[in-house]
Amino acid sequence: MRSTELGAGFFALVLALTACGGAGESDGGGQQAADSAVGVTKDAVVIGTHQPLTGPAAPGYSKISVGARAVYQAINDGGGINGRKIDYRVEDDGYNPTKTVEVVKKLVLQDKVFAIVGGLGTPTHSKVVDYLNAEGVPDLLVSSGALAWDNPQKAPMTFGYQVDYTREGKIQGKYIKDTFAGKKVGYFTQNDDVGRDTQAGLDQFVKDQAVVRQGYDSANTDVTPQLSALKSAGAEVVVCACIPAFTALAILAAAKIGYHPQFVVSSIGADPATLSGLLQDFAKRGGASVSSGQLLAGLIGTGYLPDVAQTSDPWVAYFKGIHDKYIAKEPFTNTVLFGMVQAYTFGQALKAAGPDPTRQKVVDAMSSGALKGPGLTPFGFSKESHAGYTGAYVFKINPDTSTTVIQPPAVTDRGTGAITPYSGERATPEQVNLVSK
Amino acid sequence: MSVRTELPETRVETPKRRRTPPPLLVHALAALGALAVIVLLTLVTDEFTNLRIATIGYYLIAVAGLTLLTGLTGQVSLGHGAFMFIGAYTVALLVRRVPTFPLWADLLLASAAGGLAGLLAGAAAARLRGPYLAGATLALAVGLPALTRKFPDFLGGSNGLSFTVHSRRAGAGVPELRWQTWIVWLSVLLALVLVVNIVRGRLGRNFRAVRDDEVAAALSGIAVGRTKILAFLVSAVCGGLAGGLQAFLLGTAAPGSFTPALSLSLLAAVVLGGLGSLWGALWGAVALVYFQAWSEDLADALHLNTDVANNLPLAVYGVILIVVVLAFPRGIQGGFHRLGVLLRRSAKQKENHEKH
């Protein structure tokens, strides 16, 4: 029969077209010339980012790009970097990896960005690292503490930003071991690299104390079963490696079942101002009103940037000035500050790349080790390491939701190295002098 | 009971009719033509537009499968994203674990895995109807992606799997995305040729008979249960292929991409395009990709407050859906059809007018 022959012929065509070796075999993708300066014109530099403006991670994180945009506006109003204004394009990926791949390709192919700065999220960003490196696009200051970004051999264009989850887990673990010796510890972690990498750090110190491990998935906002399991296992200290929405949900779920453990929360979800907003918002949706001060008082968290409540800190004062000028209506939270520091750090790298920036020059500037960030611990950037902030301090939330540092900054590595106090000097905003105001 | 006034046209096999080319040939030629159009289209558009064209491609086959199930057999599925999930993870696992498998084998296995799941789901679904079926399939969409959390080492947990699919000969001289778009559309058109043949053939008639009246269908000798399961099978094969193509195109498979919202928007695309029409599946897929993009651009252009801007795309989609369904109850394809009838009628009137 002719029709079957034709069908077979048609099918053979597909086989011929796709039979170029195995689908998973590498046939060597050419890295584009790194001296390219795509996205750089005489008076502008186009950069892009992917952020969860909607979806499960949006509560809290949607404000990061607001803070970053304010800093870029301040830079532009101050004449830009080497005379070039920064054109910041924010794409919403809804914390959905498929969408991330799509919007990042849009930024690279259609908007022709010079670099991706601060792409947010582990499950999302991990899907575009290969692509960005194959295309030779600088992938700077990834908003995630996964270890995956610190891999200069495999991903030479990718740089971390936050303290990685293992370093943070080690600092938390040591603090718990020293302060809550003998108490039962429970882990409540996100079911991805956030959880895995954090536990790798915690386990170095409190493996014996850990009696229960519970995970959550960002698609499911009901965490009562996990909190009940933590309660019934008798965990007195609960380490929460959670994004802000899930820190708030965990606190509310614990309160609902009459469970009052000592929460120890990672920097990604321990911003008091963001948490109070979320607690009130979620409680209101559930038809209740809560005192966020009461719920948050005593909560222990880790951080590496100065707290927005420390108004005497020169960097906090500097960013507060930008905040008041450009985004006065937004609450000045640590999450907003996170975006501001990130934008400022990119500004430093771009400036260090010189008057004729290329993609390679900005990558060299990032790995030069010269970036003096506003953070309280130093960056780990060098030729061999693409790790962001290398340590953290421990703080406690007061009843008025201000914070008190209870253990000064300490730095460590991602392996089994020691945790050592850090007392290096930070450059002041005047010394860095990025923008002439 | 209503009385049908029109008798179905009875086909009389005449020697003249037998000479018409076999439908498979016609459809294969049409597919080749469509492929040529796609190749031309990708050559004149930029790489990012190529990605969107490829996205339309894999949505098209997913929506076409759902059209066959919902529009033709009358089984409402709220869980079609689950079959895409299976297809995507099949390709992801094959590429990572068995890198020597060629892409066409990966895609065939993704379709087969989707089909197998569809067979199981269909066997359960054949006993359910209407809202019960909708509920059961929705459970599939909600529950299946949770598997990734049960086997974090194998399926990558909430993080999902990422990989790079190499399908292009080194130094082929074609940009990667353009090449991928061709592969996607080639696979989609191949699958569509099969679907169209099923729809136009005896099985398609059985599907429609089951949809219109199960009792009547059973009385005329159609095995109702088996027909329903077959519809589920074909539809799930399409879903699996769509998911596999998505994984191939984007190099990712993660549970966050296969939320119940995906299943619901696939169903919305079926309704929007035109229930029961395969052309409607194309309009639905185009709408799925472009309405979203346009409304996002609109939100950007208007400099709206973020809360408004974030919800605008969905709101616009909803409004368009309502307007289209109110104006053309049979979707966009129904609208085109009506427009065509009107044009033909006015042309005829004009002709008559000129004659007199």
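Each Cβ is built from the backbone N, Cα and C atoms, and glycine gets one as well.
TrEMBL annotations: computationally assigned, not manually curated.
The transmembrane segment annotation in TrEMBL covers B:24-44 (among others).
Residues or ranges marked as transmembrane segment in TrEMBL: B:56-72 (among others).
Per TrEMBL, transmembrane segment is recorded for B:78-95 (among others).
The annotation transmembrane segment is assigned in TrEMBL to B:107-126 (among others).
Look at TrEMBL and you will find B:132-148 (among others) tagged as transmembrane segment.
Residues or ranges marked as transmembrane segment in TrEMBL: B:182-199 (among others).
What TrEMBL records for B:229-250 (among others) is transmembrane segment.
Summarising the annotation, TrEMBL assigns transmembrane segment to B:262-291 (among others).
Under the heading transmembrane segment, TrEMBL lists B:311-328 (among others). Remote same-chain partners of the transmembrane segment (B:311-328), defined as residues 6 or more beyond its termini with a Cβ less than 8 Å from a stretch Cβ, comprise 265, 268, 271-272, 287, 291-292, 294-296, 298-299, 304, 334-335, 338.
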Non-local residues, at least 6 beyond the ends, that sit with Cβ under 8 Å of the transmembrane segment (B:24-44): 50, 53, 57, 178, 181-182, 185-186, 189-190, 192-193, 196-197
Closest-packing stretch to the transmembrane segment (B:78-95), where packing means Cβ pairs under 8 Å, from B:56-72, B:107-126, B:132-148, B:229-250: B:229-250
Candidate ranges B:107-126, B:182-199, B:229-250 - greatest C-beta contact count to the transmembrane segment (B:132-148) (under 8 angstroms): B:107-126
Residue numbers, six or more beyond the limits of the transmembrane segment (B:182-199), whose CB comes under 8 Å of its CB atoms: 23-24, 27-28, 31, 34-35, 38-39, 42, 53-54, 57-58, 60-61, 64-65, 68, 72, 103, 107, 111, 167, 207, 234, 237-238, 241, 245, 248-249, 278
